[in-house]
Amino acid sequence: MSSFQMITTLFLLAMMVGTSNSQLSATYYAKTCPSASSIVRSVLQQAEQNDIWIFPKLVRLHFHDCFVHGCDASLLLNGTDSEKTATPNLSTDGYAVIDDIKTALEKACPRVVSCADILALAAQISVSLGGGPTWKVPLGRRDSQTTHREGTGTIPTGHESLANIATLFKSMGLDSTDLVALSGVHTFGRARCAAFMDRLYNFNNVSGKIDPILNGTYAKTLGQLCPKGGDVTSLIDLDEQTSLTFDNKYFLNLQNRRGLLQTDQELFSTKGAETVAIVNRFASSQSQFFNSFAKAMIKMGNINPLTGTNGEIRLDCRKIN
């Protein structure tokens, strides 16, 4: 993203984003679909039997949806000019499971639960089933009737500076603790070689240069997994030790200079950054990380939701009614 694009994007976000929404409530479906959460959980437990990576995939969908014009399920819409077809979303997955959840909910509670709320619930339950914290998800979002492909430049990449990422998060009402906590979602899941190969072979656009911050032994391991000229779509564990478990090992990795993505490692390796102390705190206390992560997820889930009579409740998450 160019400096001009960043400034324009942040201005637009500042105009539309808030950190809370009084119209959302954890008891929103208490009378209209009291079994919503248990239905989502049941579908996810079954989905994991077919795909052990489904939990991080679904959390990522919620992130990518919320970071583009807010949490409105616009990411789920199909089309040649959809958000799905934009570069930051080409590696997203898990849409079929969202469809399965929608089908189950429509059978139990027709025309009640939005696709945007399905994403929020699926993210929370995925984290919980993966070994992480649980929290009460504020609900009541409605679904966008338009896609926002032009806004996908606000999705953080693995290559941006800490300063840019921090500015972007701040514009969305998310502070440094939220930034570090939400980055901790990389404690589980995988990333494509393309997301970090520049650290191995072309750091700062210098041919043959390795990121000097990257642990040497780890760099050699990554070089074997992602050889120069190899398949850039190959998937590598974000946490080399416990990539299927939601824990605080991610922060220990950063302390040991074994963060896979540059944006992750910069949280700890940027001199003078306030994020360093937060990384240290989460590395020494998983409970503090879990508590901060839950709070940050609630704040992120409150980014510009459609409520009241805005938007709609889609019958099919992939298309408007």
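Even glycines carry a Cβ here, placed using N, Cα and C.
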According to TrEMBL, the disulfide-paired cysteine of Cys115 among Cys226, Cys317: Cys317
Disulfide-bonded cysteine for Cys33 as listed in TrEMBL, from Cys71, Cys109, Cys193: Cys109
Within the predicted model, mean pLDDT of the domain 'Plant heme peroxidase family profile' (23-321): 96
Lowest local Cβ density among Arg60, His186, which the record lists as recorded positions, within 10 Å: Arg60
From Cys33, Asp72, Ser74, Glu83, Asp247: recorded positions whose CA lies within 10 A of Cys66 (disulfide bond): Asp72, Ser74
Count of other CB atoms lying within 10 Å of the CB belonging to Ser74 (Ca(2+) 1 binding site): 25
Residue among binding-site residues Asp65, Glu83, His186, Thr187 with Cα closest to the Cα of Cys115 (disulfide bond): Asp65
Set of same-chain residues at least 6 away whose C-beta sits under 8 angstroms from Cys71 (disulfide bond): His62, Asp65, Ala116, Leu119, Ala120, Arg141, Met300, Gly301, Asn302, Ile303, Asn304, Pro305
